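Read the structure below first, then the notes.
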């Protein structure tokens, strides 16, 4: 890690942008603010606010500047401040390396890229996409079935859905810089990669298939013209395929030529479409010829208008079926947003262009439909001979106008609003122009979809959410054109033109679009509901509840259009959501999902504070003194097995030393260690403190860890195996921490593994092999836990004995991570501590890795009542609903230990005895004053029975539990200021010596078990 160096009394920060001190100048990218000297009149490390400080690293829009760190400004003298927190090359494999926020700047200058304003980029595209073939072919039929009364409702309801979606989209896209990707970008950055990844894929696919649908619509119109002129090439079906494929090839050529050519083509199509619309309005005022009257057109007539007001649903049609046919015409509002990366100012262009397009197209649809409803009757024969010569006729409007269309009541006629899809051509002033408008509508929609699909797909692939699709992320040319995406879209389109049944797939595609609308609305609601300070959209004309209503409306409309297509859409989206969730892409976009999770966590934590703890809801919440999580994996794995996903587990580290050095290691290690925990799938938190003394740091953790009711209730640490050689201060610190844990009423757990727990020297050697220049700083106390002091060299092979001991240590460190073989967990529940000594092994036995291990309970008893003691314990265990294979009553605990066992204890404590008994009183007092920490003869006599009890217990443990998978023993407690630290450590050592992995447990003497329901 690069450090800061002193340079003439000034700080040198390699991440700091020195250009901010230079005079203001202009370049192609940005304007640099002048030095703070001119602002404040004197030089200072502080910098005035500047946009470059807030850019993402590697942003496309400009160079990221790094402001002076707080340590640089606050500390006195040269200091060491890390530029960044690196990941030790432990990044998740296949993580998104080129997400849209941190993509490398393009090689071409930004000025060369073609960027569109809100009119050409959004308004024109949206209008062309919304003005589809519906306007010229099916709109008259919709108003014929529903009448213009309900027909207005159909159009307005569609506009309500799209307008609400437009408002939500406006809010989202004005809440920060918008990159390429359109709907996918908006949803993924708001709701996260799970929702964004699922909707992005189906949205891109929907646009690709939509190209085929629009092209087939164009081809069908062409084939109708060929039929009229007897110019069919093969047959109708194959002619549609031929024309469709040729059309897609031409559209692909326009798209690949670049966005500028595509935009020019769209303008040409817009002019034709506008001319066709005007042509309809002009045609309604041109006097109707006799032929047009026979087909039902009579110019404006109030009677026709009134007759067409009421609905006349025929066959199986209903309001909802008619609505489902019309609504897909309104699904073009994302055409502008889909090319957000090609817009000059997406934040302004998308809201302005989209909402204006909705307004203009809505008015156009209403205007055209009402004009046709006021001029054309529902049924007409098309026979000029049906003109009335007499006044006798039914009461129809056509009769009043001199035409007898009564035959339409008994047989199906071919003309009128209900029967003729070419009403617009008949009404217009120049029929061929309507055909040209139909061509324009279909081709413009196809072209927009052909551009949208690759753009959205490219953005999705750049984020690398689906690693297999990253091939399509590459762009070409000054506009970063997704050529590979164009080819893929072309292949999909041609495939559906040649093979696909578009009548079946059309409802699914409409539902795909609606699903994206629903998620855009929900994104706006979710972000507003989370009340994150980062949710500050510049567009204020939105409402969170209106967005929620819009989302619900979209979901309802999906089922109205086609219920099975809606189910398929939801099914595909759920499957993709699950896939992305399982893959866990390593991205962080600050989604509203994170904000809501935080709000929920705070709310739940606060709600817990108002509820008193109950014994039935007790669960282990562990404060584990692991140091860095990597260096004591056995302790971490055991703690994780106890807490799992259901309790709190905090791995703690204390940095000892000068604050300036300790803080550097603490800050750099915080994110790194939490990341390691997450990647190694340990559900735990990492906490660290910096203190001058290790015990002070641990005391801070004991007092301040957790929040509200979510506070640790169990303190766990490793056994200090080298207590006899570690030094008096280190040993006293260790025992003092145990006393602190008891003082703060923690349940206390000590883990002893014969091989040891500390693998820090192996972690350091691995780090050297990986090219690390610096290892995490280890606290003084935990350094003493090392199994051996022989150095590990990566340049020469270590001695064989070192290799063997390292292998044994590594195997022991993974003991609690792997599945345990068949065996027993032996619980020596000697003292009633509230039940923690019994509860923790029971919890372990319920874990998958320990399911083959059976509980055996050992208790102390009197020789004359062993059977009664066993019955009482079995009854108690039955009431606790804890199953065990056996209850063993040890009735010979009071027997004196063997001499060889006592000699082991004597040899253990000999270096720490005072031996003042053979001295006179004055000399004894002087010795005790000089070495108050030593074990006195008086102390040994006072605690002789308790000392011998620990020795005897070890003999019994060797006899009964030598081959257990895990041994649990009630931890003895030493009274403060009565039992010396060395004697207490001798108790713990002799009690657990030469045993399998052993846990010493002492609860806080508050019940954690109950037999009440």
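Including glycine, each Cβ sits where the backbone N, Cα and C put it.
Where the annotation comes from TrEMBL, it is an automatic prediction and has not been curated.
Of all ranges given (483-502, 583-602, 603-622), TrEMBL attaches the label transmembrane segment to 483-502. Range with TrEMBL annotation transmembrane segment, chosen from 79-98, 99-118, 179-198, 239-258, is 239-258.
Segment annotation: TrEMBL labels transmembrane segment over residues 319-341 (candidates 296-318, 319-341, 388-410, 457-479). The stretch from 122-143, 149-178, 239-258, 541-565 that makes the most Cβ contacts under 8 Å with the transmembrane segment (430-453) is 122-143. Contacts between the transmembrane segment (122-143) and the transmembrane segment (319-341): present, as 3 or more C-beta pairs lie under 8 angstroms, all at sequence separation of six or more. Count of Cβ pairs under 8 Å against the transmembrane segment (319-341): among 149-178, 353-377, 483-502, 541-565, the largest is for 149-178.
Contacts between the transmembrane segment (239-258) and the transmembrane segment (353-377): absent, as fewer than 3 C-beta pairs lie under 8 angstroms at sequence separation of six or more. Look at the domain 'SLC12A transporter C-terminal' (632-767): DSSP puts its residues at 67 helix, 29 strand, 40 coil. With a threshold of 8 Å between CB atoms, the same-chain residues lying at least 6 positions outside the transmembrane segment (199-219) that come near it are 132-133, 181, 183-184, 187-188, 239-241, 243-244, 247-248, 251, 338, 438-439, 442-443, 445-446, 449-450, 452-454, 456-457, 459-460, 465-466, 488-489, 492-497, 500, 502, 505-506, 509, 512-513, 515-516, 519, 569, 572-573, 576. Using a cut-off of 8 Å between Cβ atoms, the transmembrane segment (508-529) and the transmembrane segment (149-178) share at least three residue pairs, counting only pairs 6 or more apart in sequence.
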